[in-house]
Amino acid sequence: MSKRDFYEVLGVPKNASDEEIKKAYRKLAMKHHPDRNQGDAAKPAEEKFKEAKEAYEMLSDPQKRAAYDQFGHAGVDPNMRGPGGAGAEGFGGFAEAFGDIFGDMFGGRRGAGGGRQVYRGNDLSYAMDITLEEAAKGKEAQIRIPSWENCETCHGSGAKPGTSAKTCTTCSGTGTVQMRQGFFSVQQTCPHCRGTGKIIPEPCVTCHGQGKVKKQKTLEVKIPAGIDDGMRIRSVGNGEPGTNGGPPGDLYIEIRLKKHEIFERDGDDLHCQVPVSFITAALGGEIEVPTLQGKAAIDIPEGTQAGKQFRLRGKGIKGVRASYPGDLYCHIVVETPVKLTEHQRKLLRELDDSLKKGGGKHSPSGESWTDRLKNLFT
């Protein structure tokens, strides 16, 4: 049976870049991996896996690819080459293409020279409540977060004073063990030492063998002006410590805006309810409204109705990524007077009688409302 074209196997054109070839191989290898195909699908998947591996090994090597492009399969056939020809390479190509994938999948990477696996520390989160004014202007704050320091009892070794850690006999100090499944070999974290390569027979009673103790430290945090609810600030390296010399995680500070007694935020805009007496709404006049920058004046036109919206440009918040501030929207709430005296009631009745004599012209919706009622009941 003749071999398929290597480019056809990977599904890439002949002028594909090295990165395109690598991505195509990754996709096929994950799809046809023996662990993902069981039963009747196992054998065909294994063949396709081997085929993709062979194609990648040839096309990922510049010299082999050049020979293949010029002579086809004959150019890379070991039976057609001298002693210096390509021989079996095991899983070299697979490890090269998938080393970073499996490193991320299991949370660890091999140290330099194939040593113990190192693990990045976990990220930490911290919720910070701030006021709307603080969000608008920005602020500097101090927060208390967990920190891990070397244990003073064992000086960071994790072992009881007078004793020492021993090399793990399961993994011979490498921190990893090899697991074979058919022809495929997988490297896993040693379950005995959990990737450290060391076993502590007598743990330190202070740190329980961890070598570090948890304490608290104060961190200075700068909150940028314009930050909004739900945004996060990243503090690099202030998360949990790594394992086996791995880098620490990061700290994420999540901002939570406190409810404001006057304003509601909508992106960079602000909204507020402005109460107005029905006299001012009817006759018009100037009123004062609050803003984050102080007081501002609004001219209320005669006959203003409840729900009328007034826009004050630039009186909102300048967001973190914004070039200019948002606006303030003032929503008019016409107040109905309460606890009236008898004299005040009499005056209002007289006003009501006078308005009724004018028909619907004194009410912006009076005539249309009356017409709709007539149509409904006729």
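Even glycines carry a Cβ here, placed using N, Cα and C.
The domain 'J' annotation in Swiss-Prot covers 5-72, and the record cites sequence analysis as its basis.
For 138-216, the entry in Swiss-Prot reads zinc finger.
Counting only same-chain residues 6+ beyond the ends of the repeat 'CXXCXGXG motif' (151-158), those with a CB under 8 A from a CB of the stretch are 164-165, 200, 203-207, 209-213. Marked as repeat 'CXXCXGXG motif' by Swiss-Prot: 151-158 (among others).
Per-class residue totals from DSSP over the repeat 'CXXCXGXG motif' (168-175), listed helix then strand then coil: 0 helix, 0 strand, 8 coil. For 168-175 (among others), the entry in Swiss-Prot reads repeat 'CXXCXGXG motif'.
On the 0 to 100 pLDDT scale, the repeat 'CXXCXGXG motif' (190-197) averages 81 in the predicted structure. Feature annotation from Swiss-Prot assigns repeat 'CXXCXGXG motif' to 190-197 (among others).
Residue counts of the repeat 'CXXCXGXG motif' (204-211) by helix, strand and coil are 0 helix, 0 strand, 8 coil (DSSP-based). Taken from Swiss-Prot, the feature repeat 'CXXCXGXG motif' covers 204-211 (among others).
The compositional bias 'Basic and acidic residues' annotation in Swiss-Prot covers 369-378.
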Beyond the flanks of the repeat 'CXXCXGXG motif' (204-211) by 6 or more, those residues with Cβ under 8 Å of it: 150-154, 156-161
